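> Have a look at the structure that comes next, please.
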Amino acid sequence: MNYFRLYVRRVQYRWHTSNMATKIRFIASVCLFIFIIIYVFLWWRKDFKKERMNLPNQDDIRDENPAVTRKRIKSMMLHAWHNYARLTWGANELRPISGRPYLGGDFGAHRLGATIIESMDTLHIMGLHKELNRSRDWIDQKFTLDRVDDSLSVYELTSRLLAPMLTLYSLTGDDLYKNKAIYIANKILPAFDTPTGIPWRRVVPKEGSTLNRYLDNWALLSEYGALHLEFFYLSEITGSSIYKDRVEGIRITLSNLTKTNGLYPNSIDIKTRQWGRSDFSMHRYYDYLLKSWIQSARCDAKTLAMFQDAMLAVVQNMVVITPDEVTYVSEVQSGNHTHRMTQMACFSGALFVQGAIETLMKFWEKYMLIGIGIVESCYKSFTATPTHIGPEVIGFSEDAKKDIVSHQLNYYNLRPEVAESYMLLYRLTRDDKYRTWGLELVGALEKYCRAPGGYNGIMNVYDSSTETDDVQRSFFLGATLKYLYLLFSGDYVIPLHQWVFNSRGHFLPIKEINDLYREYNFTTMNNNIP
């Protein structure tokens with residue numbers, strides 16, 4: 001303190017003994033110094049804020065090299081995967097903050113390695129062979145359903161465990177994956193033993209039977225309608241028709257039923273073939289109609305007709321275009337629009353565009369515009385929040401928005417559907433804005449969802465200081481990061497004319513077009529028999 005007082009006195013002495021020119025130079029120096037300090041502070045504050053937000057400005061996004069972005073997304077994948085491997089290897093999903101397994105998912109506490117299995121094709125695309133080889137070893141040595149004495153979802157088993165095995169078999173030709181796919185499918189088959197052929201929603205793998213004595217008779221279109229790609233392809237690589245016969249039975253049943261205004265209700269009675277309530281939503285069933293036709297080398301004319309009829313019904317009864325040209329697919333309950341759309345339904349934007357391009361159906365230009373409009377609405381649901389992340393359910397009316405808030409549907413759990421639509425629309429339209437939007441999403445994920453131990457969802461997208469849910473979903477590695485990586489990759493990486501994506505982001509080859517289809521060859525196999 002004494003030194004400070006002495007310094008002040010010296011300054012006062014020099015001021016009073018200096019001439020006017022010296023005083024002016026001193027004042028100018030002080031002002032310049034203050035100006036420099038303020039300028040540096042404001043520059044630092046702006047730069048820090050941008051870095052903290054992790055949301056690049058538009059010029060940065062346009063100028064960023066796709067290779068740089070791919071590297072960034074790959075580092076996100078490694079952060080998520082290595083922390084899972086370090087903290088909860090063999091468990092289904094990770095709690096990245098508490099560092100424990102998440103036991104509340106679709107597969108419960110059973111150690112089925114969902115994250116290991118779902119992330120394999122993403123690792124393959126990114127060239128992360130060390131991590132992929134470790135995953136293969138675990139599947140070979142540890143993966144089993146024989147001890148699972150609880151009921152598991154038929155849809156989740158198919159889309160998240162069976163599908164990745166099929167994908168890896170097509171990519172590598174490794175019989176381990178083919179044999180595991182057969183093993184999983186055979187555990188699921190008993191669920192199809194119903195009067196209508198529409199499977200029970202759940203199956204007990206250990207017993208090889210369903211838990212139907214504890215379940216009601218209702219099956220959901222979003223589940224039983226999204227099994228076709230996997231079971232059809234399994235028959236193709238094994239030569240056994242039992243798998244595709246089961247899913248084609250579902251397709252036959254649905255084609256023969258009377259629809260409400262051409263729409264498929266959300267639920268059906270497994271025993272009586274009676275539709276449930278007149279509630280309708282945009283589900284993956286519609287997506288699988290298109291992709292089943294594509295998968296068949298575009299030869300399944302009946303499925304194509306079902307797809308075209310279904311999409312026309314969706315346009316006439318579910319698509320809403322407001323006077324302000326906001327486009328969305330509304331859920332319908334008891335014949336009335338709810339003016340709500342789930343974030344999951346954002347996949348439908350890409351479905352409309354891909355369907356229009358692939359089939360050139362009547363009024364295909366209108367379908368294109370609808371699809372582009374849906375994706376734009378989903379994008380705006382992200383930019384409308386402080387976190388730049390969209391809510392689980394999007395409301396398009398004041399009543400719908402209030403209902404969403406009251407039911408706490410403002411969370412985000414690392415869903416992939418928006419990234420999926422960005423990737424597909426970029427490849428289908430070559431519009432750079434989808435890469436711009438994708439990079440914005442990458443920045444938001446890094447800022448709000450990244451944790452020291454991985455990535456997790458957030459509880460309220462409208463609160464920039466929101467709590468996290470402490471769950472790293474397996475589909476974040478298996479789909480979200482995969483779609484983002486493909487968005488910034490060349491078209492030759494998993495080209496759309498050779499592959500179709502299932503509902504969880506795992507891709508299967510197209511018949512007669514993809515050299516990796518690996519269809520079972522009866523002639524070759526018979527010649528190898530001694």
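Sequential numbering from 1, following the chain as shown.
Each residue, glycine too, has its Cβ placed from N, Cα and C.
Here the structure is a predicted model, which means the values were calculated and not measured.
Pulled these features from TrEMBL for this protein:
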- S503: Ca(2+) binding site (BINDING)
- C346-C378: disulfide bond (DISULFID)
- 24-44: transmembrane segment (TRANSMEM)
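Can you tell me where each of these features sits in the structure?
Note: S503 (Ca(2+) binding site) has non-local neighbours S159, A226, R284, D287, Y288, i.e. same-chain residues 6+ apart with C-beta under 8 A of its own C-beta.
Under a cutoff of 8 A between CB atoms, and with a sequence separation of 6+ in the same chain, the neighbours of C378 (disulfide bond) are Q343, C346, G349, G390, I394, E417, V418, S421.
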> Counting every protein chain present, what is the number of Cβ atoms, excluding its own, within 10 Å of the Cβ of C346 (disulfide bond)?
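Result for C346 (disulfide bond): 29 neighbouring Cβ atoms inside 10 Å.
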